[in-house]
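*Asks:* Let me give you the structure first, and then I'll get to my questions.
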Ligand SMILES: NC(=O)N[C@@H](CC(=O)O)C(=O)O
Ligand SMILES: [Zn+2]
Ligand SMILES: [Zn+2]
């Protein structure tokens with residue numbers, strides 16, 4: 001069956017432009033892009049007043065399967081992805097067991113196939129059990145489908161292990177995604193600063209991230225491996241990455257909607273949904289992260305979707321797990337905070353949500369052109385809505401954005417030519 005997406009504004013970061021166009025989808029691929037297309041018998045998706053963009057790719061999510069299915073599963077997480085406008089996600093390996101064997105990688109891929117929702121690209125563990133000692137059989141993980149390597153959830157404490165990991169990843173032609181926190185400094189439950197002092201909570205200084213980023217940049221330069229820095233949160237990290245890029249180091253970086261929107265003040269009231277690693281920082285850090293997004297230092301926006309069950313979060317602040325959900329609020333936050341906020345234009349925003357993560361992971365995606373796989377997201381930039389944790393479709397509801405008023409909502413998520421979502425419930429426009 002053919003699908004005609006009619007009357008939308010196409011945002012094409014690969015060509016660096018936006019233009020009015022109909023799009024004809026046939027056999028799961030983009031068949032034509034023309035101002036006016038007539039296709040008798042085709043199913044029509046009215047995109048008037050909406051943006052049609054290459055399918056969004058979230059390169060940092062925790063799907064929790066295998067092992068922690070009470071928090072999320074591949075099926076529930078990819079449903080949340082589709083609701084958030086994402087056609088693909090990269091799944092971090094800190095499951096139980098850790099994705100440190102080809103069997104776990106294949107298991108996740110099989111679950112994704114069964115679910116039939118967003119595409120899932122598994123990330124393989126760098127070290128056995130992500131314990132930071134022996135490297136995994138990286139070649140075998142790659143052959144099973146891993147698109148990158150990471151011990152996310154934990155830093156790789158040993159610089160020698162990191163060096164070897166980068167050398168192997170380089171041979172395999174895939175990036176290492178680094179969770180940059182120096183463990184000797186990252187001992188707190190929130191950012192170390194005025195707010196942590198006032199609340200009497202133990203803090204982790206910005207230096208914990210800066211030190212780890214500096215080390216990994218030096219090792220990336222030494223090994224020539226592509227380093228991707230996960231969840232950048234500090235002014236220092238942005239500055240170090242900017243300088244390294246200028247020197248020609250193979251580094252890319254991501255930040256998250258919570259880190260470009262919230263500060264450590266979100267923790268006031270001991271809000272465990274604002275407890276996350278790396279922690280929410282200061283106004284100056286948020287400003288630096290936004291500058292990094294604007295000038296291209298930060299290539300990617302990823303959610304670090306980290307579901308935790310209510311009973312796990314509803315405990316004393318010190319005891320709550322780190323992490324918050326992000327798949328279903330990302331588009332709204334990017335459009336409200338960054339596009340309406342004047343930080344990014346439409347093309348740059350879509351690049352950071354699609355074209356750039358595709359490039360980082362080496363996926364042939366993130367483009368809209370005849371012949372390309374029809375992974376497309378239709379966004380209603382004018383839809384105003386209020387985040388309601390009760391309306392999230394993912395299994396866990398640990399969002400710090402409950403009650404936020406946002407403008408910008410995914411209208412349809414199209415994967416391989418199949419329409420997976422046409423707008424959610426009532427929105428106030
Ligand atoms: N970000 C978090 O606070 N938590 C993540 C792990 C991680 O991304 O480091 C998780 O898996 O819960
Ligand atoms: Zn992490
Ligand atoms: Zn993570």
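A Cβ is built for glycine as well, from the same backbone N, Cα and C atoms used for every other residue.
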*Asks:* Which one of 152, 158, 264 goes with 179, 231 at the Zn(2+) 2 site, as TrEMBL has it?
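*Replies:* Only hit among 152, 158, 264 in TrEMBL's Zn(2+) 2 site, alongside 179, 231: 152.
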*Asks:* Given that TrEMBL annotates 62, 63, 64, 94, 277, 322, 323 as binding substrate, state which candidate in 83, 308, 311 belongs to that site as well.
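*Replies:* For the substrate site that includes 62, 63, 64, 94, 277, 322, 323, TrEMBL also lists 308.
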*Asks:* According to TrEMBL, 60, 62, 152 bind Zn(2+) 1; which one of 295, 299, 304 is listed for that same site?
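*Replies:* The candidate from 295, 299, 304 that TrEMBL ties to Zn(2+) 1 along with 60, 62, 152 is 304.
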*Asks:* Across the whole of the domain 'Dihydroorotase catalytic' (49-234), what does the mean pLDDT come to? Round it, please.
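*Replies:* 98, rounded to a whole number.
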*Asks:* How far apart, in angstrom, are the most distant Cα atoms among the substrate-binding residues 62, 63, 64, 94, 277, 308, 322, 323?
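*Replies:* Output for substrate binders 62, 63, 64, 94, 277, 308, 322, 323: max Cα distance 17 Å.
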*Asks:* Just the number: how many Å between the Cα atoms of residue 179 (Zn(2+) 2 binding site) and residue 152 (Zn(2+) 1 binding site)?
*Replies:* 5
*Asks:* Taking the centroid of the Cβ atoms of 152, 179, 231 as the Zn(2+) 2 site, which other residues of that chain lie with their Cβ within 8 Å of it, listed in sequence order?
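*Replies:* Checked against the 8 Å cutoff, the neighbours are 60, 92, 150, 153, 177, 178, 180, 230, 277, 278, 304.
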*Asks:* Consider only the binding-site residues 60, 64, 94, 179, 308, 322: which of them have a Cβ under 6 Å from an atom of ligand 2? Write none if no residue does.
*Replies:* 179
*Asks:* Between the Cα atoms of residue 62 (Zn(2+) 1 binding site) and residue 277 (substrate binding site), find the distance and write it as a whole number of Å.
*Replies:* 13
